[in-house]
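Q: Would you mind keeping the following structure in view while I ask a few things?
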């Protein structure tokens with residue numbers, strides 16, 4: 001049986017659980033949407049049934065794998081023999097672990113063999129890995145006949161163990177290893193987290209556990225485990241003669257830190273336990289990790305011990321957020337205490353370039369999007385020169401979130417996306433916005449003409465691919481493909497509007513109404529309109545050759561004359577003029593391809609259709625990103641001006657699918673007519689399943 005890495009992980013998790021688990025929990029575990037989980041569950045159900053297992057669904061409780069223990073064990077055994085398909089990130093981490101562990105260069109083919117991929121895949125992974133390690137001051141030597149070797153200072157290697165490996169550790173896995181060790185059931189030679197031996201790691205854990213009473217403060221579970229891994233790796237490196245260096249003035253500063261005495265206590269115990277000599281610089285290194293660790297109790301931060309600058313910055317941040325969300329939090333001392341307990345070690349982490357991992361980051365960004373954006377702006381303003389990661393900001397959001405009355409519903413942003421036709425570039429832009437800002441709750445699409453009839457006050461933001469000629473409409477204009485600069489502009493736009501958005505949501509105190517049974521006649525008519533447009537598109541889809549000459553204006557006329565022969569438009573000249581006007585508003589070429597998407601909604605169009613044409617003469621056209629490209633294939637998507645909302649959704653699903661991935665763009669660019677028809681068929685099938693129509 002073939003299973004993707006995600007399906008294997010999902011199935012294994014279900015088999016090992018003895019409790020009901022919700023789809024939301026699974027989505028957070030897998031770091032995907034709940035929709036993806038539902039799709040994966042459909043794939044693994046048949047495999048479970050082969051050994052007599054079923055998925056029991058209980059409303060309000062979740063899912064549970066039900067069946068005999070023998071059936072579960074059989075499937076787990078099969079999974080262990082299944083060829084493992086590593087994700088790209090997993091491969092990069094495994095390569096990094098191999099390079100950290102090896103004192104000698106590692107051959108490319110050895111890595112490819114171990115990861116069960118091609119040499120070319122490993123080469124690409126190494127290119128990406130170089131980007132990962134560069135900020136740490138590490139480089140890769142890659143020479144034919146020599147192999148691959150990780151080069152850089154010992155301090156940097158220690159740091160990368162924390163930032164790229166420890167931050168991805170599984171606390172549950174660590175605790176299970178400790179439990180097995182207590183029961184004498186662990187293999188001490190096995191590697192944990194790819195870089196440290198399990199035996200040494202568990203020995204280190206016992207030592208630190210015994211030292212807990214002597215250490216002046218309590219670490220959170222994640223910080224405690226991270227310290228265990230850091231110190232185990234440090235001891236292994238010291239045994240190999242690899243020690244870190246530290247400037248004398250930095251060391252002297254650390255000696256004055258309140259954590260230094262605890263670091264000395266730990267170092268002395270490690271010298272006795274492992275038979276090594278720990279230099280002063282290594283004691284300084286331990287001090288840094290203690291300073292950067294999150295504490296279990298906020299009361300461990302005494303007012304007289306807190307850096308004055310950090311205290312002032314924290315108070316200013318609270319005042320800024322209070323003003324932003326129109327709620328006074330400046331007198332909430334519990335919030336101040338909790339923030340200080342997080343921010344003091346956070347500032348140390350940032351100064352030392354030590355990252356922290358927040359497994360709830362994506363959910364926090366979704367649930368408290370506006371608060372997250374406000375805090376992101378606040379730390380940038382009041383902690384200048386310090387780069388707070390998304391993980392750090394998400395932790396700060398939790399502190400504010402617990403002190404606020406901001407409900408998750410208040411933080412949800414609803415956007416209206418506008419383009420000239422409402423069926424082409426608006427859906428492309430919405431797709432890109434979902435990728436860049438998945439926290440935006442929902443998107444509606446509109447053409448410029450439809451915008452006049454929209455209640456724009458029902459939306460928190462309006463994003464357009466074309467200038468909006470109407471007065472009193474606040475909007476931001478970006479490219480349909482939303483480059484990095486555009487994405488940043490949208491984020492800044494949201495930050496400016498946070499007070500207005502929250503005020504509007506709070507002022508409209510409409511009570512939630514019970515969901516009524518829908519009008520089934522209306523629902524059936526709506527489904528009929530969806531089906532009608534799908535039929536029109538599939539029945540009239542073709543990939544044809546179009547003989548053209550170098551005159552671009554003639555190209556449009558020839559195109560529309562062909563469409564008139566097919567019975568799809570009325571007046572070719574009028575339609576050509578309308579499309580030429582549309583082209584003046586912004587390029588239609590799809591960047592990175594040789595295609596352009598010609599989309600138009602106009603009364604000259606008889607019915608909705610999607611056609612493609614290969615050109616005998618390439619043309620230079622403006623792309624959606626403002627650059628020119630050589631067009632050899634035209635994608636034509638058109639509809640009558642009276643197209644229903646359901647029809648617009650169907651055509652938008654196509655334009656979204658075109659740019660969904662590199663594979664999708666390549667397919668639309670290179671495939672033949674029959675393959676493209678099947679691709680459209682799959683697009684509609686997937687869309688209907690997601691709409692729960694099938």
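Note that Cβ sites are derived from N, Cα and C of the backbone, with glycine treated the same way.
So Swiss-Prot has the following annotated:
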type	residues	note
DOMAIN	195-300	domain 'PRD 1'
MOD_RES	230	phosphohistidine
MOD_RES	289	phosphohistidine
DOMAIN	305-410	domain 'PRD 2'
MOD_RES	342	phosphohistidine
MOD_RES	399	phosphohistidine
DOMAIN	413-502	domain 'PTS EIIB type-2'
MOD_RES	419	phosphocysteine
DOMAIN	536-683	domain 'PTS EIIA type-2'
MOD_RES	599	phosphohistidine
Q: Including all protein chains displayed, how many Cβ atoms other than that of residue 399 (phosphohistidine) lie within 10 Å of its Cβ?
A: 22
Q: In sequence order, what residues of the same chain, 6+ apart, have a Cβ less than 8 Å from the Cβ of residue 419 (phosphocysteine)?
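A: For residue 419 (phosphocysteine), the qualifying residues are 425, 426, 429, 445, 447, 448, 464, 465, 466, 480.
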Q: Based on Cα distances to residue 399 (phosphohistidine), point out the closest of the modified residues 230, 289, 599.
A: 289
Q: From the modified residues 230, 289, 342, pick the residue whose C-alpha lies nearest to the C-alpha of residue 599 (phosphohistidine).
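A: Result: the closest of the modified residues to residue 599 (phosphohistidine) is 342.
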Q: I'd like the Cβ neighbour count for residue 230 (phosphohistidine), meaning other Cβ atoms within 10 Å of its Cβ, all protein chains included.
A: 23
Q: Just name the winner among 289, 342, 599 (the modified residues) by count of other CB atoms within 10 A of its CB.
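A: Answer by Cβ density within 10 Å: 599.
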Q: Where does the mean pLDDT land for the domain 'PTS EIIA type-2' (536-683)?
A: 89
